[in-house]
């Protein structure tokens, strides 16, 4: 038996990676006294493949080492030995011609089979011929055939109770994994596995179960994957959807409708206008439409496999553009508290009416009433704030027009006063009222003081002519009859107040009389 290092130079070893590892270790003997161990690389081997029993930590100065089948060291179980002093190897009775021994203590197996699955023992004698033994074992697994997926129904219909897929062939000591569209499947509410995961069952079939299913067979040494299995779930059609959603169109525009319904296989499409078949396509196009094209448009879809059909109906109305309306008014100049009626006239039918005041949408008050169709506006009673420009707007779903403005003038009623006072006017009224009250109080105090202080004050009071008028009742002090005089003063106050509705008898002037008696 030749050394593996010599055979490697002639390129006769097929498993290049393992041989390179063993060869490198031949020239790299660790300077250590660690325990001798052996690893199987790989520990799980596919039949007819190779395995390397890789030795570690051989003594630097060993004499000889042996490889045996099993754990008993009898001569019949010897595979090979290596004698360091002679730098040569020698085969034993258990040698099969598939083994290669290396000077670093490793053993290489080619074309392993299930019978090779056992323990192997390395026995090393150090420089003093002390024996050192260690064992290793590897497992051999069959090569896996490419699996194949079969199903009880490759075209199930949505809603069917179940569909089953099977991964074949069956192999001992093999696990099976499933995926759909490249994503792993796990057991759930509608997904069950049986027969060691070889059978996949989908319950209550749904359209989402549609896709490509793969089965993977795997053992500790290798794996293999099936070709995709196409599960094509039949369903539909769903209720068709017509787009765009518009149902009102302008006369002269183009009508372009499309219909879509989710269905497998794809549904057949038919268009009906006012229940008459028009075309058997997914789209409907009519150019330069008129009001005669108004009506019901139906999309009918049919699935020839499921035998199901669905219909969606759309009512479409074609409108002409509206013309400009006009306003008729009973009177453009109205007295306050009177009434006025405005009427919006249009040649168009089926239109909506909206009123504008000073170019803004009219805010209705409790004095305003509209007719049922909004075409007539009545204001009663009218007030000065109702004066302004009035317009009416008519519209249909595709157009609108606004009338020319009508100006309404309101003649104020003088009895109604000025309904709107500025802040300055209000402040003036308040100040005037307060000043009047203060003046009255001062005068009353003055007269009271004069009365309690003596008659000499009478002359002083009557001397203030700009603000009072003085009158003397009875004879003067020079009169022989000596009749007591009665003096009185008249104060007139006239305060400006806001113009508010008052009765005709009300007077803006108030007179205050003060009487002073002389004792």
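Using N, Cα and C of the backbone, Cβ positions are placed for all residues, glycine too.
What you are looking at is a predicted structure, and each value in this text was computed from that prediction instead of being measured.
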Quick test of your reading of Swiss-Prot: among 384-404, 405-425, 426-446, where does it put transmembrane segment?
426-446
Could you let me know which of 27, 66, 488 shows up in Swiss-Prot as phosphotyrosine?
488
Candidate set 184, 476, 503, residue annotated phosphoserine in Swiss-Prot:
503
Among 377-380, 513-516, indicate the range for which Swiss-Prot gives the feature region 'Essential for interaction with PTPN11 and PTPN6'.
513-516
Measure from the CA atom of residue 167 (disulfide bond) to the CA atom of residue 344 (disulfide bond) and give the result in Å, rounded to a whole number.
81
Please identify, among the disulfide-bonded residues 167, 215, 392, the one with the smallest Cα-Cα distance to residue 299 (disulfide bond).
392
What residue among the disulfide-bonded residues 299, 392 has the most other CB atoms lying within 10 A of its CB?
392
Show which residues of the chain containing residue 215 (disulfide bond), separated from it by at least 6 in sequence, have their CB under 8 Å from its CB.
147, 148, 149, 165, 167, 176, 177, 178, 198, 200, 225, 226, 229
For residue 259 (disulfide bond), which residues in the same chain are close in space, meaning a Cβ under 8 Å from its Cβ, but six or more apart along the sequence?
240, 241, 242, 243, 269, 271, 282, 283, 284, 299, 301, 312
Per DSSP, how many helix, strand and coil residues does the domain 'Ig-like C2-type 3' (325-403) have?
3 helix, 41 strand, 35 coil
What is the three-state DSSP composition of the domain 'Ig-like C2-type 2' (237-317), stated as helix, strand and coil residue counts?
3 helix, 44 strand, 34 coil
